[in-house]
Every structure is written in structure tokens, then in C-alpha cells.
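A.B. asks: To start, I am sharing the structure in question, which I have written as C-alpha cells.
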């Protein structure tokens, strides 16, 4: 029997609902419960797959190929025993699309289709399906209480709390306690009004997570409890922390997990062992060195566009006991600036992306890393550009490019793949006319690493499984001239022998991959590719120190 914790936010957005929810999930998992998480997004897009990173940040890809909200990345990084799937994230657009398709098929037998019950029932069905087979499902509702877009979701939550009952549901509400400097005082009124908004919908919160920059005394907590109908011990203070990985310990010390276990009847569980989280924080706060990684991209003004890459570098720093300082370099400005701005970097990374804009700047950075012997990691488009740069400047194919940038090129080193097998082994097809949404090679795919290569050495095994999100691949017609010039194809997809990884054997550390290793990195376990990359950066730092 699954228990549900619904997570809402009030006063302002960006309070950290996802991190708070993931921290609670980590606590419950540490007590032995089987936990999953769900993110409900009120926007009308079917999924974030075609949204600009400037609008939405990164698109997180699950094992089964769902293009989802970046919060699912937090969920997976905080949980060890649960992987997110297509069931764990859905939007208003997805719900309305499903309901309208049913209406067109005649499933509603000519009845009037309405928000209540048709939309709300669809939402409830999705929540219940995602929670099936778990002890606890933590369900985050995107946006802020009172937003018009989120009303169907809030009504669905209200109905579920009534239908499932008090002993199977809880609501955790995040709110802001602003500090007024002129009065030297924390203000509780925004929290009171936020809860009032919830109550007007018919929902009473059970736990309040109060975000603040300052300590909160017992009197203030009692005042909040009095005016919100919440127990004083359920008013949880979430003061700004040095790292998000301190939040599980913070919640543990305020007995958030005890509150939940009491409510759900989990009275005989062992206490949570958070020693692994303590080790993560200890390594973060006591680095031996600082290494600088230049990340060359076109969305660098918004770090959330590369959230999982940023986190994977942080995790690799933990593994190597170094602090990773990321220097964001705009690829377009690099085309007009002196390339020597990269001279302070201990390593260079070119992440994934789409489109031609900024590609010349990225290739300048790749060439610099290759010629100067600086550790380089290319991801997705970063791999494709590494191959193009090598083809142009080493293999003698001066006009080499991708058909993404020039469909009529005579040297299509990178081309559109028209057929591939999905994660279920089923044939998928596309063409240049296909819709952008949902037409990529997505999700976990097996690859075989070539024996004797650095990539094989880094992973420590022959077969790996990594997640993909791309339309274009290296053209196998050009493998021979590329390898003859010195670049090594070090990995191929198991199913179709597509190029997955390349490296330059004569370089200290130059690896580029078609997949997205950042999606499977975690603070407690890291990822072998990023760990090796930062180890190489550390050696580069010590060499040039």
C-alpha cells in the first residue's frame, strides 16, 4: 500500500521544492523504505524536450527515454534504489493531450469533457500509477500555490487526500520567511497568506518547510504553527546551506522523517544512517586543490542549462578531493576573442547542444585542448565537433561538417540517423521532416568499448549502458580516414555498431562521447568518466603549478 507526500510551494517560486522533496526521499530511503518521486508540471508543453534551455533549463533524460524536468535529476542523485521513468514526470499538456485523444476516439461516449472530473481523474490515475509498488511516493507540484495553471493539479491533490485518507497522505508546503533588514525581523505574514491560499483550495498542510537566510527562534515557530494549524514540531527551518547535500542532515536533525513515519505507521524502522552524506560534505568542504574547468557552450548565461554536467563535475571533485571551479566560456565570443583566455584552464569541456550557432568557437576550444595537451571531455555535440575538428585540421578533410549545419556538404562526417532500436529493442524511424519533439535517439543504450583503449580503462569493463539524446551520429564512411589520421574509435553501440566514443591515444586525456554520462552521476558514487577527467585535470594543475 503506497503512501503519498504531496509537495507544494508558496510566496515565490524557486524555493527548492525539488531539493527539499529529494532530501526527504533520501531520509526515508535511508530508513529502509522503497521510495519514488513524481513531478507534475503545470505548463502546456507536452514535455520540455523542445523548450529552450533559457526558458526551462536542462532537459533530464530517464533510462526509458523520457525528456523530463531537471528536478528528476535531483531525484535520481539523492536516491540510490529508484530510477525515474516516463511515469515520474508529466505536464498539463500531456494530460490534456491524453484526454483530448480519448474524446476524439469516443471514449467518453459523447459526454461533455470538463476539467472536473476528466482532467483531474487523469492526473490522479497518473499519480497512483507512478506510486504503485512503492512504500512512499513523493509528488511535487510545480509552480506556486495560487497560480491559475496549477489549479487542476491542486484539486487532484485535494481529492486524493480525501479518497486515500489521513493515514496514507501528507502535504508538505514550502514557504519563504523574508528578513527585513531595516526592522531586523523575520516576517511570517507571507507564510500565513500562502497557507490561507492552500486552505481556500481545501488543503491543510501537515509540514511547513520555511526557507530563510536567518535562524528562526522558538517563538517565531510557535507563531507560525498557531496561525497555520500546523504542529510546532512540524514547522521545519531550512536555512540557506553551503551545499544542497547538507539538507538531508538538516531535515534529520529536525526529525522530519520521524513525523512522516509516525503518520504512516512505520514505527519499527531503524534510524537513518547519513554517514555517506556526511562524507560527501566533508570532502566538499576540505579540498586539497582547486582545479579550473573551462566549459565552452552557448547557454552559459544560465547554468541550469547544464545542471547535470555541473553536478557531475562537483561529484568528480568529491571523488578526487578537489574543488572544481567551472569557468563558463561563451562559444560565440570565443570566435572573436583571443583563445588564450583558455590558458588558465586545467581542463576543457564542451557539453551537448543543438544548432550551428557557437560551433566554430567550440571547435577552436577543442583544437586548443588537442594541441596544448589539456584534458578534454566532449559530450554529445561536443563529440561530434571533436570529430569534425580533427577531420578538418588533422585528417585533411577541410570541408568536413555535419548535415545538421549543411545538408549538401560533400563531407558529412556527422549525419542524421534514420533508423535505430529504442530501449525496448523496437525499430524507430525518422527523417529531416519529422517533428522535433520525441524523435531523437533517447534513453539508455548499450555500448561495447574497444579493448586497450583509455575509455575501456576508465570504465573498467567492456559493456556499458549510458543515456542518449540526439539525432545525429558519426558517419561510418569516415571511420577509416579518421582512424588513419590518429583518432581512435573506442566504443560502438551494441545494437547497430554506431560510434559512441572517440579518443586520441597520443593525448594525455582526450575523450569524447556521443551519450550523456552526466545523467547517471551522483554525489555518493560519482561517475567513472568524470572522475577520470577531473583526475587528469588535477594532474594538469600540479604539472603547471
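For all residues, glycine too, the Cβ spot is worked out from N, Cα and C.
Note that this is a predicted model, so its numbers are computed, not measured.
Reproduced below are the annotations present in Swiss-Prot:
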- 380: active site, nucleophile (ACT_SITE)
- 13, 187, 188, 189, 190, 191, 192, 223: UTP binding site (BINDING)
- 13, 147, 148, 149, 187, 188, 189, 190, 191, 192, 223: CTP binding site (BINDING)
- 1-266: region 'Amidoligase domain' (REGION)
A.B. asks: Check the Cα-Cα distances from residue 380 (active site, nucleophile) to the binding-site residues 148, 187, 188, 189, 190 and tell me which is shortest.
C.D. replies: 148
A.B. asks: Say we define neighbours as other CB atoms within 10 Å of the CB. Which of the binding-site residues 187, 189, 223 has the fewest?
C.D. replies: 189
A.B. asks: Would you kindly give the Cα-Cα distance separating residue 188 (UTP binding site) and residue 148 (CTP binding site), rounded to the nearest Å?
C.D. replies: 24
A.B. asks: Among 13, 187, 188, 189, 190, 191, 192, 223, which the record lists as binding UTP, how far apart in Å are the two most distant Cα atoms?
C.D. replies: 24
A.B. asks: Which is it, of 191, 192: the one of these binding-site residues whose Cβ has the most other Cβ atoms within 10 Å?
C.D. replies: 191
A.B. asks: Validating a neighbour-count step here. Other CB atoms within 10 A of the CB of residue 148 (CTP binding site): how many?
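C.D. replies: A count of 8.
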A.B. asks: If I restrict to non-local contacts, at least six residues apart, and a C-beta distance under 8 angstroms, what lies near residue 188 (UTP binding site) in its own chain?
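C.D. replies: Spatial neighbours, sequence-distant, of residue 188 (UTP binding site): 177, 220, 223, 224, 227.
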A.B. asks: According to DSSP, does residue 190 (UTP binding site) fall in a helix, a strand, or coil?
C.D. replies: helix
A.B. asks: Let me check the 10 A CB neighbour count of residue 380 (active site, nucleophile). How many other CB atoms are there?
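C.D. replies: Its Cβ shell of radius 10 Å holds 23 other Cβ atoms.
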A.B. asks: When the number of other CB atoms within 10 A of each residue's CB is tallied over all shown chains, which of the binding-site residues 13, 190 has the maximum?
C.D. replies: 190
A.B. asks: In the three-state scheme derived from DSSP, which category covers residue 223 (UTP binding site)?
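C.D. replies: For residue 223 (UTP binding site) - judged by DSSP and reduced to three states - the answer is helix.
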